[in-house]
Amino acid sequence: MELGGANTNGDERNPSPLEVQQAPPPSNSPIWKTVTVASIAAGIQFGWALQLSLLTPYVELLGIPHTWAAFIWLCGPVSGMLVQPVVGYYSDHCTSRFGRRRPFIAAGTALVAIAVFLIGFAADIGHMSGDNLSKAAKPRAITVFVVGFWILDVANNMLQGPCRALLADLSGGHQSKTRTANALFSFFMAVGNVLGYAAGSYTHLYKAFPFSKTHACDVYCANLKSCFFISIALLLILTIIALAAVHEKPFSAEQGDSGGEGVSEPFFGEILAALKDLPRPMWILLLVTCLNWVAWFPFLLFDTDWMGREVYGGKVGEGRMYDLGVRAGALGLMLNAVVLGVTSLVVEFAARGVGGVKRLWGGVNFLLAICLGLTVLVTKFAESSRRYTSVHGGAATLEPPSAGIKGGALAVFAVLGIPLSVTFSIPFALASIFSSKAGAGQGLSLGVLNLAIVIPQMVVSVLSGPWDALFGGGNLPAFVIGAIAAAASGVLALTMLPSPPPETLASKASRSS
């Protein structure tokens, strides 16, 4: 059976950048191999959860200025915009005897280990290099931390693209297997989230690693260091198991050659050519994905801050209400991760039940819009029912919100796990399916899809603050924009996004033969 991008007419032309790099799909790859590769996501996401829950206070401990902090958090989308397409391109072309994806997965894991060491020991390295612990800012420790943080984001992006591409390779172009593989990847991301949030919330973890607490590294720092020890151990174990159990056939350049002389353009020229040659379904997928992530990022960036400010009525550094709200938000993230994991296991069945993946994605985008809209309602109820306790001889003290308001806010967190499970699986599955139909390289196609994720993240990171300030501060203006974007994404998914081509019995039989 010829691949969709093969030159079957005998004419000699240079193949499009999206029409090379197709290795023969494995036939009847057992599900345990897919599970093994997908499980790497748990190790990756464990580290991400630690970043979200612990690194901001650690940044303050090192004395990093606020302007630097904003620069640091931008490294995620910047590295994602550059690294995933680059890694995807070179993994599609890789002719290593170890396979196309496995060398990049191994290299990414090694870089994560280096980055975690630099981040966890930044305070110690800075102190040994001459930092004065009595001063708020510790420039040498900050330098080590920033270098480690950038390496960590680069390494994580280096891991995710080849992992998803390997899952697509193992699926052999089979749409159902591709969707199942990405759903499993989403499930293990949820597992990593739960483990990361649980480890980050345990304040005595450092006692399991007594050497982690030093003169330069206090209890909080030692806990962070201990969490990262567990994170890298988990990632190393899962990666070693996956790479030992799943083997790839060596790929030669001739396999991807469609009869022409091959692609000789420089990498970035090829990326531009690839974007130019994207089929219409991929362009629509990029648009829907872009709007989808415009909706997600305001909440993902400010969810715990919303609980602390709007729901609990607290202010940063004043009283205990903000801290209580942030802790309640951490509980909400845990509930979100649990729902994400459970829902990820039934995404394939849900897609069949509603009549296709585009209907499922469109429907949950409307659910996302409703949940983001409900943040306004929860906030207004919280503001209208503020309770204060009078203190003898002093000012009134703000009390936590009622159980009903807190429960409503936590319900929003939990329900958002449903659309998040689809966001983490369906777009990547569709990119793999559309690229397979066009004879495209999985790595480069998934890297291009990642552009539709990181560019909105950069825009939201830069503009959300000024946008919120324009309306008097707070997080609600960005959430409202997110709700509008989610609704628009749902409409486009239902009306413009093509349905994947049906798999005929003949095509399935040909893959199994």
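Along the chain as shown, the residues are counted starting at 1.
The backbone N, Cα and C atoms fix where each Cβ goes, glycine too.
Since we're looking at a predicted model, the values are computed, not measured.
Noted in TrEMBL for the protein shown:
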REGION    1-27  region 'Disordered'
TRANSMEM  31-50  transmembrane segment
TRANSMEM  70-91  transmembrane segment
TRANSMEM  103-121  transmembrane segment
TRANSMEM  180-200  transmembrane segment
TRANSMEM  228-246  transmembrane segment
TRANSMEM  282-302  transmembrane segment
TRANSMEM  330-351  transmembrane segment
TRANSMEM  363-382  transmembrane segment
TRANSMEM  408-431  transmembrane segment
TRANSMEM  443-464  transmembrane segment
TRANSMEM  476-497  transmembrane segment
Quiz item: Given the transmembrane segment (330-351), which of the listed stretches 180-200, 282-302, 476-497 has the most Cβ pairs that are under 8 Å apart from it?
Solution: 180-200
Practice problem: Count the Cβ pairs between the transmembrane segment (31-50) and the transmembrane segment (408-431) that lie under 8 angstroms and are 6 or more residues apart in sequence, then report whether there are at least 3. | Solution: no
Exercise. Go through the chain and flag residues at least 6 beyond the ends of the transmembrane segment (363-382) whose CB is under 8 A from any CB in it; none is fine as an answer.
Key: 292, 295-296, 298-299, 306, 310-313, 354, 401, 405, 408-409, 412, 415-416, 418-419, 422-423, 475-476, 479-480, 482-484, 486-487, 489-490, 493
Quiz item: Between 70-91, 103-121, 228-246, 282-302, 476-497, who has the most Cβ pairs under 8 Å to the transmembrane segment (443-464)?
Solution: 70-91
Exercise. Using a Cβ cut-off of under 8 Å, list the residues of the same chain at least 6 residues beyond the transmembrane segment (103-121) that approach it.
Key: 40, 47, 55, 87, 90-91, 94, 96, 144-145, 147-149, 151-152, 154-156, 158-159, 161-163, 166, 212, 217, 224-225, 228-229, 231-232, 235-236, 239, 242-243
Quiz item: In terms of Cβ proximity under 8 Å, which residues at least six beyond the ends of the transmembrane segment (282-302) contact it?
Solution: 361, 365, 368-369, 372, 375, 416, 420, 423, 427, 430-431, 434-435, 438, 445, 448-449, 451-453, 455-457, 459-461, 464, 475, 478-479, 481-483, 485-486, 488-489, 492-493, 496-498
Quiz prompt | Beyond the flanks of the transmembrane segment (476-497) by 6 or more, those residues with Cβ under 8 Å of it | solution = 281, 284-285, 287-288, 291-292, 294-299, 302, 306, 310, 358-359, 361-366, 368-370, 372-373, 375-376, 379, 430, 460, 464, 467-468, 470
